[in-house]
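Sequence annotations record features per position, and here TrEMBL assigns active site, proton acceptor to D63, H132. Under the heading active site, for ring-opening step, TrEMBL lists N130, E137. As annotated by TrEMBL, domain 'Glucosamine/galactosamine-6-phosphate isomerase' applies to 10-220.
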Amino acid sequence: MKTIIVENYQKLSAYAAEQIIKEVDGTDHAVLGLATGSTPVGTYEYLRNFPERFKGVTTFNLDEYIGLDKKDTNSYWTFMKEQLFNHVPFQENNIPDGNADDLKAECHRYEAQIRNSGGIDLQILGLGNNGHIGFNEPDTSFDSRTHVVDLSETTRQANARFFQSIDHVPTKAITMGIHTIMESKRILLLVSGKGKSDAVERLLNGRMTEDFPASILHHHPDVTVVIDQERVAGKFHMAPEKS
Ligand SMILES: N[C@@H]1[C@@H](O)[C@H](O)[C@@H](COP(=O)(O)O)O[C@@H]1O
């Protein structure tokens, strides 16, 4: 796992965007895995300046709430449209359907669609305070594929800032599984935000355990973690390079 510490959020966003552009440049077909949350907002803002680069690119988002209409202001579909899809003409954008009648079938369909696209070339991830990636909460099996999850109380509280009140935050979501994420060829984990220093410490120096989903990333051959030093202010230290 390669770790890069950048001075601030602007630099994190520019670094991530440049990596994404590099990934899609010169190919007529690339598959990106995208994330929601506040962390990638600056990255998407940067990418909006280069709409012509993404014509042959297919995207798959990590997750979606269950029970919100696609057009709801808080659905991840709306978020992605506002941040990116309305501004950049991708070939195809995919997000799990949190309103499907048969959610289990939707999970299988999403997995198959990722597979049929040839697999994800570059997956962008954010980090939840409790170590979640996508919406894979602590104690999710490392073998999981796209599935329905019960959101933990900490995650609902962390995301309540976008909703009218905590009561409006959905209790369930569909998320790509940890195994699905690990099948991506390359992973870029972006870490920014107050209160994440403990999670960063555990990510960099803790042991691999299902209790902390992001810890699995040490087992992926091509992961880069980018940390915004200004916002993740706090005590964490760099682990010695592992081979
Ligand atoms: N499902 C998303 C995750 O994919 C995201 O990484 C996490 C961190 O969000 P933020 O970037 O706002 O800290 O929040 C949500 O729960």
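Cβ atoms are placed via backbone N, Cα and C, with glycine included.
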Cα-Cα separation of H132 (active site, proton acceptor) and D63 (active site, proton acceptor), in Å? 12
Reduced DSSP assignment, D63 (active site, proton acceptor): strand
Please report the distance from the Cα of N130 (active site, for ring-opening step) to the Cα of E137 (active site, for ring-opening step), rounded to the nearest angstrom. 8
Across the domain 'Glucosamine/galactosamine-6-phosphate isomerase' (10-220) the predicted model averages a pLDDT of 96
Name the residues of the same chain, 6+ apart in sequence, whose Cβ is under 8 Å from the Cβ of E137 (active site, for ring-opening step)? G128, N130, V149, D150, L151, S152, T155, P213
Distant-in-sequence Cβ neighbours of D63 (active site, proton acceptor), under 8 Å, six or more positions away: T36, Y76, P96, G134, F135, A173, I174, T175, M176
All-chain count of other Cβ atoms within 10 Å of H132 (active site, proton acceptor): 27
All chains considered, the count of other Cβ atoms within 10 Å of the Cβ of N130 (active site, for ring-opening step) is 19
